């Protein structure tokens, strides 16, 4: 077996570093699932791998067989026709979507999206 050499370690670290040079922003949502009942409060979190301007952060709702529906844009502004129970907040890397009192029609999949830096 070839003896360990320092340049091997450097090469490994370089490979780990390269993905960050693309400037790609990764959005991570949590929790993956929520088990709640009508009337309860839902809090969904979205974390960016680097700072995102609030102006470019949106939340979408999607139901089976339907296109995504814009809920929130600019991190906190409700889209037209979206009920007041939906609210968005946050800045920098941490954003939150809150549904103050869940209604039966709110049970769906929710996504956050940033348009600040697209791949």
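All residue numbers here begin at 1 and follow the chain in the order shown.
Every residue, even glycine, has its Cβ placed from backbone N, Cα and C.
Going by Swiss-Prot, these are the annotated features:
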type: DISULFID; residues: 46-112; note: disulfide bond
type: DOMAIN; residues: 24-119; note: domain 'Ig-like'
type: REGION; residues: 24-46; note: region 'Framework-1'
type: REGION; residues: 47-58; note: region 'Complementarity-determining-1'
type: REGION; residues: 59-73; note: region 'Framework-2'
type: REGION; residues: 74-80; note: region 'Complementarity-determining-2'
type: REGION; residues: 81-112; note: region 'Framework-3'
type: REGION; residues: 113-119; note: region 'Complementarity-determining-3'
type: SIGNAL; residues: 1-23; note: signal peptide
Secondary structure of residue 46 (disulfide bond) (DSSP, helix/strand/coil): strand
Tertiary contacts of the region 'Framework-3' (81-112), as residues 6+ beyond its ends and Cβ separation under 8 Å: 27, 29, 36-52, 54, 57-63, 68, 70-72, 75
Same-chain residues near the region 'Complementarity-determining-2' (74-80), Cβ under 8 Å, at least 6 residues beyond its ends: 54-58, 86-91, 95
Positions whose Cβ lies under 8 angstroms from the region 'Framework-1' (24-46), at least six residues beyond its ends: 52, 57, 59, 90, 94-104, 106, 110-114, 116-117, 119
Residues near residue 46 (disulfide bond) in space but at least six apart in sequence (CB under 8 A): 27, 28, 29, 57, 59, 90, 94, 95, 96, 97, 112
Other C-beta atoms that fall within 10 angstroms of the C-beta of residue 112 (disulfide bond): 25
Secondary structure content, the region 'Framework-3' (81-112) (per DSSP, counts of residues): 3 helix, 18 strand, 11 coil
